[in-house]
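Peer 1: Okay, here's the structure, questions in a sec.
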């Protein structure tokens with residue numbers, strides 16, 4: 001948000017023309033591209049689907065003791081971050097509907113505060129997602145290259161402390177975002193954080209997969225080699241690769257929008273790109289919808305627990321039968 005903003009995420013979803021730090025900030029859009037409009041119902045539908053899916057993920061992790069491991073705890077943290085995006089967008093959509101239909105009449109100053117909260121929730125969500133993905137990456141790295149010592153290095157207590165630190169840091173970032181919403185340096189800091197964590201994760205992946213093949217050959221000769229554990233570890237690494245790839249695809253346009261908004265807000269071509277901001281919000285919400293599908297696709301245990309919760313909650317005997325398939 002800058003000094004000229006009156007409404008950011010709210011106005012963007014309504015296709016309004018005010019400027020904002022998370023908004024389109026396109027003053028020359030009439031010379032380039034008209035702002036892309038997306039129905040409010042699309043935002044609400046994706047938000048509700050994402051909310052239900054990620055509640056299901058968290059419920060599965062809580063319900064199934066076989067999922068009580070550091071990796072799935074970090075997956076739960078990622079699900080909470082995804083759920084935060086869906087909640088903020090659903091709340092935003094309801095607020096827009098109430099304002100448009102005059103069911104809610106509030107002062108512009110209070111609307112600005114609501115906007116700040118929405119922006120802060122997006123900030124918290126993206127930082128929490130990045131930190132959770134980084135934690136999963138480190139966990140998979142330890143699992144693959146320190147398999148025999150994994151349970152001594154990554155305990156449930158340590159993973160809990162890591163998650164607590166992640167969310168303390170993310171909430172602090174959100175508070176700073178609200179306090180200094182008029183400063184562009186907050187956005188620069190967010191962009192820098194995104195690319196820094198992305199660099200660390202990609203570097204870790206390159207290192208991990210370059211060494212993985214030689215490492216597998218070396219430990220295969222060991223009498224203590226556990227092929228099942230190794231396959232499980234590699235499967236977890238592939239799952240994380242999919243999560244990271246989807247995260248990059250869905251969030252990169254949003255951060256490119258922020259970069260262009262700061263560097264060339266008056267440029268016609270930059271303005272044209274920024275006119276599609278609503279689509280970038282949709283991509284962010286799609287990320288939170290796709291992640292649970294990846295969990296279900298890659299984890300048989302997660303699929304079984306989903307089936308128990310969705311199809312036969314409260315009917316334990318049929319659930320056990322279904323779990324056998």
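Here the Cβ of each residue, glycine as well, is placed from N, Cα and C on the backbone.
Quantities reported herein were computed from a predicted structural model and do not represent experimental measurements.
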Peer 1: Do residue 62 and residue 302 end up on the same side of the membrane, going by Swiss-Prot?
Peer 2: yes
Peer 1: Please find, within the list 38-61, 302-325, the residue stretch that Swiss-Prot describes as transmembrane segment.
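Peer 2: Checking Swiss-Prot against the ranges 38-61, 302-325, the transmembrane segment one is 38-61.
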Peer 1: Going by DSSP assignments with H, G and I as helix and E and B as strand, what are the residue counts for the topological domain 'Cytoplasmic' (139-155)?
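Peer 2: Secondary-structure breakdown of the topological domain 'Cytoplasmic' (139-155): 14 helix, 0 strand, 3 coil.
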Peer 1: Report the listed stretch (74-97, 187-211, 240-265, 274-297) having the maximum count of Cβ pairs within less than 8 Å of the transmembrane segment (156-179).
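Peer 2: Highest pair count goes to 74-97.
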Peer 1: Run through the topological domain 'Extracellular' (266-273) and tell me, per DSSP, how many residues are helix, strand and coil.
Peer 2: 6 helix, 0 strand, 2 coil
Peer 1: At a 10 Å cut-off from the C-beta of residue 311 (S-palmitoyl cysteine), count the other C-beta atoms across all protein chains.
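Peer 2: Residue 311 (S-palmitoyl cysteine): 11 neighbouring Cβ atoms within 10 Å.
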Peer 1: Report yes or no: does the transmembrane segment (187-211) come within contact of the transmembrane segment (38-61), defined as 3 or more CB pairs under 8 Å with a sequence separation of 6 or more?
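Peer 2: Since fewer than 3 Cβ pairs under 8 Å link them, the transmembrane segment (187-211) and the transmembrane segment (38-61) do not come into contact.
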